[in-house]
Amino acid sequence: MDKRHDPSRRIIAPHGTQLSCKSWLTEAPMRMLMNNLHPDVAERPEDLVVYGGIGRAARDWDCYDKIIEVLQRLEDDETLLVQSGKPVGVFRTHADAPRVLIANSNLVPHWANWEHFNELDKLGLAMYGQMTAGSWIYIGTQGIVQGTYETFVSVAKQHFEGISKGKWILTGGLGGMGGAQTLAGTMAGFSVLACEVDETRIDFRLRTRYVDKKATSLDEALAMIEAANQAGKPVSVGLLANAADVFAELVKRGVTPDVVTDQTSAHDPLNGYLPQGWTMAEAAAMRKTDEAAVIKAAKASMAVQVQAMLDLQTAGAATLDYGNNIRQMAFEMGVENAFDFPGFVPAYIRPLFCEGIGPFRWVALSGDPEDIYKTDAKVKELIPDNPLLHNWLDMARERIAFQGLPARICWVGLKDRARLALAFNEMVKNGELSAPVVIGRDHLDSGSVASPNRETESMLDGSDAVSDWPLLNALLNTASGATWVSLHHGGGVGMGFSQHSGVVIVCDGTDAAAKRVGRVLWNDPATGVMRHADAGYEIAKNCAKEQGLDLPMQD
């Protein structure tokens, strides 16, 4: 019997102000853990899988139940320790310490590979936490929509003089992360053709308004794109097909998209990528009998897809890696020039990271969308001179369906995160908001990740693989008084290729919360400015000086 599979489970986080725990500081992690497994949020909630292949919220259902039980009895001077999705200890700390500390998927470097991890996983000794799955701050696909939107806007500026009308993006994957591409692309003015092998994912994206249309053949999909572009109105199409097949076929036909990328779960060749010519049922059966054959076939198909991406780049497409490690997989299969197209961070995002700008997100624990709309207005009030941000908030309200507890994300930096959070805390205190909010972020942020094939690719000083930085980030956030802090390995790009940390803090309207919020949401983005200043980026050095950061070696 698989202790991780229970189709009878239907998890919905409580709404409103009635507590199941002893305070909001423990109610918040409980609700957010439950929200990660909401049927409109998680990809396979019956298996505890939130997103990203096998990114889970808890190791198994026994562990999930015990975590909930412990959070409901936890005192405000105690801390729960969670080891790869398993609650392993409760210790007396103090009121400003985190209520939960989480470590997921971490392995000693020599053994930090999928083969060893999968053995531990089968033995029930480990859990893949991805980034926000095991750290209980996943908010559905909205979580990366704005970052993807910012990237596509940058692509238009760099390659098409800012004009995206009549242009289209080819991509793969409509899972928890990839599903953002279609909506973000159309928001940025592009049409999008996204290949997906799992029809239920396409249907889910249709239901949540992330995809406009579904196609079952390439000809049908291309006709939809062509019609939309002729009409001057972007459209997103989910094509039921294998990305490797489609990308290669477009090369064969001489059809060149304007932009090419991919967000399949290529980081996990065993569980995340369907080999060419295989059905999903065949792959599921083979995973139980011959893992090596699945991995080999998946990586061979990735090599086909990456070669097609390179060919489309040569034909004139703006081609970028979107952080799923597909280039590495293809390189290992003999595609020697797999890294000839850039990752999205060095190509488009790094200047933002240099100012501590990244994916700031918050969730209304009340369950009331009005709380989010009120905070949207507060963001506009406090940041009046950022039209791109205002445009994002307007589009998000109009086009993004909430999944589970209402949430919002917007990319803001060092100078704004703490003051926004303090304003939210004041709104809780004075009753403008009906219940507390939690504030967190993706682990994909300026100071919280080491990932040489993604966030820290091509660092100016060559420090791509130095992972001291996310460790320092987690330690500082713990010392600063975050409500829960997490330290993970392997998110985004898979085992052996990344280390990263997460942070969440509760705004419950108290003066004590205001002090914690002020520390955490200044220090957290400040570590990103510090990290990039240390690597030699002038934007970061100037930001550090302007914001008065004390960086001894920058004097």
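Every residue gets a Cβ built from N, Cα and C, even glycine.
Bear in mind that the values here come from a model prediction, so they are computed numbers and not experimental data.
Annotated features in Swiss-Prot:
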- CYS410: active site (ACT_SITE)
- 52-53, GLN130, 176-178, GLU196, ARG201, 242-243, 263-267, 273-274, TYR322, GLY492: NAD(+) binding site (BINDING)
Hey, how far is TYR273 (NAD(+) binding site) from CYS410 (active site), Cα to Cα, in Å?
-> 30
Among ALA243, CYS410, the one of these recorded positions whose Cβ has the fewest neighbouring Cβ atoms within 10 Å = CYS410
Where does GLY52 (NAD(+) binding site) sit in the DSSP three-state scheme?
-> coil
What's the CA-CA gap between GLY176 (NAD(+) binding site) and CYS410 (active site) in angstrom, rounded?
-> 18
Cα distance (Å, whole number) from CYS410 (active site) to GLU196 (NAD(+) binding site) | 27
Give the distance between the Cα atoms of GLY52 (NAD(+) binding site) and the residue listed as 'active site', rounded to the nearest whole Å.
-> 22
Drop a 10 Å sphere on every Cβ of the binding-site residues GLY52, GLY176, GLY492 and tell me which sphere holds the fewest other Cβ atoms.
-> GLY492
Would you kindly give the Cα-Cα distance separating the residue listed as 'active site' and SER265 (NAD(+) binding site), rounded to the nearest Å?
-> 24
DSSP says CYS410 (active site), in three-state terms, is strand
Rounded Cα distance in angstrom between ALA243 (NAD(+) binding site) and the residue listed as 'active site' is 30
Translate the DSSP assignment of SER265 (NAD(+) binding site) into the three-state scheme.
-> coil
